[in-house]
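Participant: Before I ask anything, let me first share the structure, which is written out below as structure tokens.
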Amino acid sequence: MTAALEIRRLTAGYGAEPVLREVSLQVPDGQVVTLLGANGAGKTTLLRAVSGLLPTTGTVLLREQDLSDVPPEQRVRRGLAHVPEGRGVIAELTVEENLRLGGLWRHGRTALRERTDAEYQRFEPLARRRKALGHQLSGGERQMLALARALVAAPDVLLLDEPSLGLAPQVVHSIMQTLRDLCDSTGLTVLLAEQNAAGALSIADRGVVLHLGEVRSDGPAAQIAQDEALRHAYLGY
Amino acid sequence: MDRFVFLLATGIADGVVFALFALSLVLIWRSTRIINFAAAAMAVTACYLALAVTDLTGSYWAGLIIAVLVGGTLGWAVERGVMRAARDPLSGVILAIGTVMVLQALTGILAGPQSRPAPVPFGDRPVIVGGVPTLSPYDLFVIAVAVTLTAGLHTLFARTSLGLQMRAAAFAPEMSRLLGVPVARMRTLGWILAAAVGALAVLLAVPGELGLDPHAGDPLFVSAFAVAVIGGLDSAEGAVIGGLLVGVLVSLVTGYLGAAVAPLGVLALLALVLLVRPAGLFAGVEARRV
Amino acid sequence: MNQNPRRIVLLTVGGLVVALAGTFLLDPYRNYLLALVAAHLCAIAGLSLLIGRTGQLSLGHAALMAAGGYGYVAGVKLGDGAVPDGLQPVLGLIVAVVTASVVGLLLGLAGARLHGPYLAGLTLAVVLALPALTSQIPALGGDQGLMVPFRSVPQALSSLIALEQWQAWIALTVVAVVLGVLATVDAGASGIRMRAVRDDEVAAALAGIRPGRIKVQAFVLSAAAAGAGGGVLCFVDSGVRPGGYGVTLSLLLVVGVVVGGTGRLAGAAIGAALVVLLPWLIGLGTSGLDLPAEAAQRLDGNLAVLVFGLLLIGLTVAAPTGALGLLTRAGASRKRSAPSIPTTSKD
């Protein structure tokens, strides 16, 4: 089994003290790996480092290509998509414009239209709100739009930061299920940072537990879900 | 009454230029959230080179093209060379002030302090309609250029992928990078566009009351700043309406109270708008404070 | 920032005595330059505190200096015949400060709700409107400005010091008072409130501070300092002309602030010295080159502005803490003494 995304000895942070210390992990092709841990464990920092938004030491390999010197906007072109914390829906642009932005660099005019139409079919509520501005959407709609926008680019690896934050339980469940279906049907690879460990582990293949910037545990999702000591110590349930 | 009509017509012609120049401020505000205090000095520098080329070739149109090209190049150079170091709005203003001083000093050294006459491609005598003097052919030319340019910019931003990327880069730089938008390049492009538009606006304004000397841009900048604030810095439509408003106001004040009073009128209007509606008269959404 | 009031008084009085004594070492022209430096220092120190503490960038301080100048003339006229001749400059300076403070209050009220670039634009419009204002109000004397009667050295000192030295003494005394007041306010509770407003207006408001009021206070204080500077300039030059208080002066004041390090009163002295002395030094340099008259005329003034512009850009890019910041940083890294707090604004 090859790794779609491999992280080797990654160190990153904002000031003098690194938030991440020598983190190594692999995301196998076509699987959902969930990144777990408390607030401040370094989940968001890890995703931002993988996208190239932070200065780092260590190596990030996407399908065995080294991304170290590749700027963020080029990493997207190599097949990485990132739905950040808070979803990153651009409030001043319409749903249609947000969606088109996701695939502008990749497709010709007709191809882009087909891709966006496909996402409107997948996320039907968005199709009814094409002309609505980003700031007029509900939390669930925003999450759908963020996900759809990432998928328009047809990425190899999707980085997803706390999709469940601030959403109603049913919406969370449906989004998690959509993710699982996507992986099974299209072979998408997902690195999912979540505080909602139970929900994330229920759809993930593997889990990685971060604590204070270091990997505490890395194994099959079912195994982590059953490890009571680990759950109590780091996952809070 | 005849005088009023004449002043109104002149005001509209002047206002169109204000609007065009304000548009250049709006373009940069939209792409970088910076008010370009160096806009006028950059445009005036481009105009000096344009007039030099017109003198050499004898062609007004060669000068016009040079103004746009030099303006764009200056926009590129100032954004890449200077403004990129701005860490916050305050240092942005300070860097722009530094740029103003450098450009004004250089034009002062190279061209001298005296005001320079500028050629006109068409007649600048007002056409008499029903006994009332109105716009001149040159005024009509200015209006035509401004309308075409405004429509072109509107199409660029509202209808093209490039325009969409420029808007996205301005509103949410980091997210745009994550979506593959080359944000730095979009900013530079915004500056190039804005500076080219600014240079064209000043070139159109020079044959009128403005005249060309190293400091000619200062009052124009304040008028255009007032226009941009009145229209809301994010709104191109607002810049056009605000420009006409300020143009007519300046023209009426100049006509009835004297040219020396005009800056006071602009100041009063600016203060009023800033106090009553800081987000601009035409701002639909409350401006975000970043 | 741990300066207690007594230390500030000691520092200013001590500095003043040294400076007054120093004037005996200078020839009359250099004493005249020293008086100009002191006048500019008043305005630059006030502006530095305004930008550094509340983050309000004013491009209108030249107009506030002009207000001080006109105020000085009014004060001297007011005192004519009513107070002894020797006290007329004092009255003039007081009216100068009051006038500038009132103008500053109006501007501050208008500007309190405005964020950085908006305030800069509004104040720029004020400076550009100044010639229009003076031409419209006959009492301000139009483009010619107003003159005050020439003041010679008081009888008791006339055998001892020259006119220029006397002017330098007055200027130095005024600037010592201005700096003392600014430093005292900055070291006290107001200084903390101003920093709180600059860093986060919402948080400051939640802590019970009224950001609008603090910003207006800061603006008035800064305007008063600029007015004192304008008053001194009027005293030294025996008059005030609107032409001298244009956009260029406003921008030079900003240069002085940035050179000294925004928010640093001691740095403002370096800034003021540079703003006054560099054009003079460059003038000396170019006059030695034996240039044709027209070239010399073009270089005059412009060359200095060019250098100032480059300096402004260079310092903002490379050294946000200004020249003094560079020096203290070098000192700190050598001695590991107390770290200096960077005072660049966030908004």
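For all residues, glycine too, the Cβ spot is worked out from N, Cα and C.
Look at TrEMBL and you will find B:6-27, B:34-53, B:59-78, B:90-111, B:140-158, B:189-210, B:216-233, B:240-258, B:264-285 tagged as transmembrane segment.
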Participant: Name the range, of those listed as B:6-27, B:34-53, B:59-78, B:140-158, B:216-233, that has the largest tally of Cβ pairs under 8 Å with the transmembrane segment (B:90-111).
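Facilitator: The stretch with the most contacts is B:34-53.
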Participant: Hey, does the transmembrane segment (B:216-233) touch the transmembrane segment (B:140-158), meaning at least 3 C-beta pairs closer than 8 angstroms, sequence gap 6 or more?
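Facilitator: Counting Cβ pairs under 8 Å, fewer than 3, so no.
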Participant: Which one of these stretches, B:6-27, B:34-53, B:59-78, B:189-210, has the most C-beta pairs shorter than 8 Å to the transmembrane segment (B:216-233)?
Facilitator: B:6-27
Participant: Select the range from B:6-27, B:34-53, B:59-78, B:240-258 that forms the most Cβ-Cβ pairs under 8 Å with the transmembrane segment (B:189-210).
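Facilitator: The stretch with the most contacts is B:59-78.
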Participant: So which residues does the transmembrane segment (B:6-27) touch in its own chain, when a touch means Cβ under 8 Å and the partner is 6 or more beyond its ends?
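Facilitator: Long-range Cβ neighbours of the transmembrane segment (B:6-27): 35-36, 39-40, 43, 126, 132-136, 139, 142-143, 145-147, 149-150, 153, 190, 193-195, 197-198, 200-202, 204-205, 208-209, 220-221, 223-225, 227-228, 231, 233-236, 238-252, 254-256.
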